[in-house]
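Here Swiss-Prot flags 1-21 as signal peptide. Taken from Swiss-Prot, the feature domain 'GH18' covers 36-385. The annotation N-linked glycosylation site is assigned in Swiss-Prot to ASN115, ASN134, ASN233, ASN247 on the grounds of sequence analysis. Annotation comment: Swiss-Prot describes GLU153 as active site, proton donor, evidence class sequence analysis.
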Amino acid sequence: MANFLKLKQFLTLVLILLALAAKSSKSTPSPSSTTRVKGIYWIENPLFPPSSIDTSLFTHIFYAFVSPNKFTYKLEEEEEDSTTVATSLTTFTNTFKTKTPPIPTLLSIGGATSNSTLFAFIASDPTARATFINSTIQVARTFGFDGIDFDWEFPTTTKEMNDLGELLFQWRRAISDETASTSRPPLLLTAAVYFAVNFFLSGERRMYPVDSINKNLDWVNVMSYDLRGSGSNVTGAPSGMFDSKSNVSVVSGLFSWIRGGVAPEKIVMGMPLYGKSWKLQDPNVHGIGAPNVGPGPGVDGGMAYFQVVDFNKQMGAKVVYDKETGSVYSYSGSTWIGYDDPFTVSVKVGFAQALKLGGYFFWAAGYDTSDWKVSTASKAWRPES
């Protein structure tokens with residue numbers, strides 16, 4: 001821990017210099033609002049209803065997920081005969097409207113299991129695109145959401161990235177037109193995006209439409225996690241701040257967005273409330289990069305943070321803070337788990353604030369401990385004058 005504390009002190013000095021350099025080197029105008037995003041995604045879960053969320057910790061809450069119909073291009077919720085989905089959406093928004101102050105909610109469309117090919121067609125076809133956009137605005141307004149979040153995982157070609165840029169342009173125009181005709185406050189428009197501004201690990205090299213993002217989105221939720229997955233044959237930091245051997249890290253990814261031209265205040269850093277586990281090939285070889293034979297406990301090795309805490313306690317696991325990656329992991333026997341804890345989250349939040357980013361978000365509600373240990377650590381974001 002002592003070495004990690006030194007790392008934190010070093011980071012503070014370095015990040016201030018980097019933040020100043022980034023600010024002076026970019027001409028992209030920053031949003032006028034000084035509000036910082038402190039968000040969390042909620043997944044439909046009867047064991048963790050929206051009312052269980054500690055709203056004192058968050059400024060925005062996302063409903064995950066809804067999807068368009070592959071034949072009509074309208075959100076399923078607009079055509080749903082059953083009242084089940086409508087009740088879920090209404091309960092969600094009403095839960096946060098009654099808070100003091102009310103907490104803005106966003107309807108998130110897509111997700112990791114959504115139909116990427118369908119999104120590609122919608123983005124490229126003017127008729128399908130208009131139908132989809134109008135449906136999202138209609139559903140958001142009907143159920144009382146304050147904004148729309150788009151999670152396309154992921155555009156696979158340069159053309160699809162260009163089409164995404166046009167989709168965002170038309171979406172913003174439709175939101176502005178709706179506001180002009182109804183005198184309602186404009187819906188927020190955000191997008192969940194890859195950890196880096198460009199895709200360089202596989203497939204066609206392509207870059208997000210930065211100009212369209214700056215002009216049409218309120219912010220992007222950068223998924224700075226899942227950097228190492230169950231398919232890897234060695235252990236790794238799933239959301240490590242650094243990687244001396246590659247550009248696959250939180251720091252590299254966020255700086256790619258800034259260097260790419262996105263205004264820092266439009267970049268919101270994502271953090272996971274879960275870890276990734278592996279089964280070690282040799283329990284005596286247990287550092288970062290140790291060979292493994294496959295996923296450990298959990299679905300595909302995924303473990304909610306509260307499950308990691310329980311595992312560490314029950315198994316007497318050794319907890320290690322790794323200064324090379326700026327991450328934490330634990331191991332016991334053949335089980336190895338990489339994750340974020342309150343300390344690493346406080347470091348990341350300090351990093352985001354030093355860079356003058358737009359804020360942070362967590363995936364996902366219900367994964368933290370019952371007393372919100374990790375989420376509470378995000379209070380490392382200091383009040384701004």
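Numbering starts at 1 and runs along the chain as displayed.
Backbone N, Cα and C atoms are what each Cβ position is placed from, and that goes for glycine too.
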Residue from ASN115, ASN134, ASN247 whose C-alpha is spatially nearest that of GLU153 (active site, proton donor), among the glycosylation sites: ASN115
Residue with minimal Cβ packing [other Cβ atoms within 10 Å] among the glycosylation sites ASN115, ASN134, ASN233, ASN247: ASN233
Between ASN233 (N-linked glycosylation site) and ASN134 (N-linked glycosylation site): CA-CA distance (Å): 45
Inter-residue Cα distance where the pair is ASN247 (N-linked glycosylation site) and ASN115 (N-linked glycosylation site), in Å: 28
Cα distance (Å, whole number) from ASN233 (N-linked glycosylation site) to ASN247 (N-linked glycosylation site): 19
